[in-house]
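*Asks:* Can you read through this structure? Questions will come right after.
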């Protein structure tokens, strides 16, 4: 090839590459952001007060004007009538959508923007959430039912089987633990404790899991033990630990598919009955250790684990502290009171909008709200105001029933999540509780 021709080809390629690079940079430089917030940073209002959702968009940090967005306000029940919805045009200042609620609860505003913004954002607002009451009283024989269940559990020997497992902290020892239980499965977890701890010197902490099918967490067991606790992490289903991922995946697609609604026609067959009994049996194991201080039991979890933490606190008066993040298994009867029910939507709603009466009756025996009513432990809870999995009203329905010293972390723009700052706040609260207990 002639050198001049080759030079021209190379120059043309370089020019084309530069043009493409600059074009890509120009496109990437246009960053759009849709924003929806309330006019109060904490997004909290008294019932009857007016809240404003403020809607805006920016392009490269500058306000976008002239773009149209659609908005819908509801009470977390899709298609709810009587709340604002429509289309508006954005300007230099945030557009406002005014809402109010004459009863305790939460409203959300979902905003959608088309091209070129192409985003959907949601914000939530709470109205006197501290006044959210029980959607349905607990059954009259609730306490008797669970007393009978625990009495049956007490007739089953624990027969703990401890198998040492390797981990990196030389100051602690860890084990795979299997403990016999009622409910169709054993307690299965990892247990860690400091080496050579003195008798009656250590508080106990139980870590419980969110929804899904997985092994227990050795990391959690080690974390608690490294902070001088008897630390146990159990999986929700009594499954063997440390198996290949495919093992748990196959179970999730097979035997345990739909476990959330399994047996929901009866209090004797509902899946959560066995899960909750495993909580009591895990506490039996922890408090049977000679190193237990005889006074401190902490239960910590998020989502389904948060619901389990509440259940443990209501079932077992040995529990002294509950750390419950965006708790599930709450307010199964919410629809009966005209509000959204919590995960896992255990009670079906008919075409007439009414809950299935058979399922509703059974669900009341495994509603974490009813356990919260009976819990005497101190507690910390997190709530996401735009959480559609465990809606904020269902969380507050439980929180308002807790009678111990309690703290709530409100996250107005958080959905169903357990971010790092929540994990830190929870464990800090755990350590503070341990410190307070040590002084008693």
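Backbone N, Cα and C atoms are what each Cβ position is placed from, and that goes for glycine too.
Remember, it's a predicted structure, so these values are computed and weren't measured experimentally.
Annotation comment: TrEMBL describes 1-28 as signal peptide. Sequence annotations record features per position, and here TrEMBL assigns domain 'Acetyl xylan esterase' to 136-416. Annotation comment: TrEMBL describes 303 as active site, nucleophile. Taken from TrEMBL, the feature active site, charge relay system applies to 387, 416.
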*Asks:* Using Cα coordinates, what distance in whole Å links residue 303 (active site, nucleophile) and residue 416 (active site, charge relay system)?
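*Replies:* That comes out at 8 Å between the alpha carbons.
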*Asks:* Return the residues near residue 416 (active site, charge relay system), defined as same-chain residues 6+ apart in sequence whose C-beta is under 8 angstroms from its C-beta, sorted by sequence, else 'none'.
*Replies:* 303, 326, 384, 387, 388, 389, 390
*Asks:* Just counting, how many other CB atoms are there within 10 A of the CB of the residue listed as 'active site, nucleophile'?
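*Replies:* Looking across every protein chain shown, the total is 24.
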*Asks:* Mean pLDDT for the domain 'Acetyl xylan esterase' (136-416), rounded to an integer?
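*Replies:* Computed over the domain 'Acetyl xylan esterase' (136-416), the mean pLDDT is 98 on the 0 to 100 scale.
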*Asks:* According to DSSP, folded down to helix, strand and coil, what is residue 387 (active site, charge relay system)?
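*Replies:* Where residue 387 (active site, charge relay system) sits, the three-state DSSP reduction gives coil.
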